[in-house]
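J.: The structure that follows is given in the form of structure tokens.
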Amino acid sequence: VYKRRWYILITYSLFAMSQNGIWNTWGPISASSEEAFGWHDSTIAWLNNWGPVAYILLGLFYPWLLQVKGLRWAVVSSMLLLAIGAGLRCITSQSATATILIHAGHFFVGAAGPIAMGAIPTLSAIWFPPRERVTATALGSSIGVFGVALSFVLGPALVTESPPKNHTGNTTGLMNGYPLTDYVEIPQHSFQVAESANVTDARIRKEKDQIMRYMYYEGVWSLVLFLVILIYYPAKPPTPPCVSAVTERDEYWSGLWSLRRKGYFLVVALVYGISLGVVNCWSSVLYVNLKTINISEDTAGWIGFYSTIAASFASLLIGRFANHFARRMKLFILVLYTIGTGCFLVFTLMLIKIIPYSDILLWATIIGGTMFVNAAVPLMFELACELAYPTSEGAANGVLTYLNNVGGLFFLLVFSFPHVGTMWMNWVAIGSCLICIPLIGLLKGRFNRLEVDEGVHTEIYVEQTLNVESYDNPQNGSAHRSVQAVP
């Protein structure tokens, strides 16, 4: 093994982190961006939805590129798409043109998703020995998800200007020609205060300036990271870390087709696609959900931040622990999903006032649900690779992340229906996790890839005895000695 494997892992993880963060740009600043550009909640949902749309169009091509051309081609080209997508958003702040360019940019950002989401198991298999694979996958996933956490904090921190409370950005009520934008409450009385058009226009200009500064930061960061990866990012180490790393995989398309016959792999793919597709998109529009109970954009951002940070550390901790109990992944996943589903259920019951509301419970249930479900991600990646072997890691996890984006696409499409509300989001999140619990219980199967490596490593320590001629006896005698041979 080579020390540079950690550089390869960290660089890839920064790419994945950037893709996740840029994809989640608009949810944490939805109120400001809706007023600045004249958008609606459905616009925010569609900007997030370009990720799943692009993934569905390209999600099977990029795993092929990963297997046929190698890690360098796949990562460099994906990072280029991300840099292009981030750059398109920096061109103008004029509302109509900016809206078109931002939509186009987010398609390119989404096109970088297949490698950002699904290449980490392949990287782990190519660069890391078996005893480090789950840890490497967990570390890469954790850093990647950290991008979402950063967006929850950076967005509200950089875009501080926002419309007054109860202002929707598309005000229709007027008082003497001025928009009604805020409520003033006096005991036994409440009325709206009119805001002058000059004040509104000044605020919108400031919102646009802050948003564009945010776009410039993300654009420059993406360009710099692209250049770093372009300069040095080898496809594989000079010598493999284990036997399975050089064992020939099935040809991509035939291997992909063969997965239809691997029932337990398909169960893992369905669990990942149904639950994570919904839960991650549910998190990306968290403020849209929480503003119905008067939670501010800033507070929603911090809840999203701590949720993602908790998920990152939990997945890393679970992945490191599971390294020593690789054959108990099913049990870990089952426990995590059960607790996570319980958190989402308590959160929803609190919103419909069956359980008394409290700020502590709100934070705990959102952070807990997100953390426990996402902590299972590296385990499902590795379990899918084991059950799919000798089909390539890229093909196996390509299917998982493809179904994940299909689930996310349908979830976010619901926002296109008028007056749909937000409570449905929470029931769908509960159902998507709950239905997966019995599916996880059905899992069985052999750890095919692990058995290949364990078989080889076991043989290394088997002492073998060979009969060789003794160089100490020049006579024609038949003296022999016993030596150890390491295969």
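Even glycines carry a Cβ here, placed using N, Cα and C.
Here's the feature list from TrEMBL:
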type     : residues : note
TRANSMEM : 7-26     : transmembrane segment
TRANSMEM : 46-66    : transmembrane segment
TRANSMEM : 73-94    : transmembrane segment
TRANSMEM : 100-126  : transmembrane segment
TRANSMEM : 138-159  : transmembrane segment
TRANSMEM : 214-233  : transmembrane segment
TRANSMEM : 264-288  : transmembrane segment
TRANSMEM : 300-319  : transmembrane segment
TRANSMEM : 331-354  : transmembrane segment
TRANSMEM : 360-383  : transmembrane segment
TRANSMEM : 395-418  : transmembrane segment
TRANSMEM : 424-443  : transmembrane segment
J.: Cβ pairs under 8 Å with the transmembrane segment (424-443): which stretch of 46-66, 214-233, 331-354 has the most?
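T.: Selected stretch: 331-354, with the most Cβ pairs under 8 Å.
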J.: Find the member of 73-94, 138-159, 300-319 that has more C-beta pairs under 8 Å to the transmembrane segment (214-233) than any other listed stretch.
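T.: Against the transmembrane segment (214-233), the leading stretch is 73-94.
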J.: How about the transmembrane segment (7-26) with the transmembrane segment (331-354) - do they touch, taking at least 3 C-beta pairs under 8 Å (6 or more apart in sequence) as contact?
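T.: Touching, no - the transmembrane segment (7-26) and the transmembrane segment (331-354) miss the threshold of 3 or more Cβ pairs under 8 Å.
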J.: Is it the case that the transmembrane segment (360-383) and the transmembrane segment (138-159) have 3 or more CB pairs under 8 Å, with pairs at least 6 apart in sequence?
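T.: Contact criterion met.
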J.: Under an 8 Å Cβ to Cβ limit, what residues of the same chain, 6 or more beyond the ends of the transmembrane segment (331-354), are close to it?
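T.: Distant contacts of the transmembrane segment (331-354): 271, 275, 293, 318, 322, 325, 361-362, 364-366, 368-373, 375-376, 379-380, 383, 423, 426-427, 429-430, 433-434, 436-437, 440-441.
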J.: Counting a contact as 3 or more Cβ pairs under 8 Å, with residues at least 6 apart in sequence, do the transmembrane segment (46-66) and the transmembrane segment (395-418) touch?
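T.: These two segments touch.
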J.: Is it true that the transmembrane segment (138-159) and the transmembrane segment (395-418) have 3 or more CB pairs under 8 Å, sequence gap of 6 or more?
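T.: As far as Cβ distances go (cut-off 8 Å, pairs 6 or more apart), the transmembrane segment (138-159) and the transmembrane segment (395-418) do not touch.
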J.: Give the nonlocal contacts of the transmembrane segment (100-126) in its own chain as ranges (CB under 8 Å, at least six residues past its ends).
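T.: For the transmembrane segment (100-126), the list is 8-9, 12-13, 15-16, 19-20, 22-23, 46-48, 50-55, 57-59, 61-63, 66-67, 71, 74-75, 78-79, 81-82, 84-89, 91-92, 132-134, 136-137, 140-141, 144, 236-237, 240-241, 244-245, 381-382, 384-385, 392-394, 396-398, 400-401, 404-405, 449.
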J.: Is the transmembrane segment (264-288) packed against any residues at least 6 beyond its ends, judged by a Cβ distance under 8 Å, and which are they?
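T.: Residues 23-24, 27-28, 30-31, 41, 44-45, 48, 52, 148, 152, 295, 297, 300-301, 303-304, 307-308, 333, 337, 366, 369-370, 373-374, 377, 380, 383-384, 387-388, 396, 399-409, 411-412, 415, 422, 425-426, 428-429, 432-433, 435-436, 439-440, 442-445 contact the transmembrane segment (264-288) from elsewhere in the chain.
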J.: Quickly jot the same-chain residues contacting the transmembrane segment (300-319) by Cβ under 8 Å, restricted to those at least six beyond its ends, or write none.
T.: 27-28, 134-135, 137-139, 141-143, 145-146, 148-150, 152-153, 155-156, 283, 286-287, 290-291, 332, 336, 362-363, 366-368, 370-379
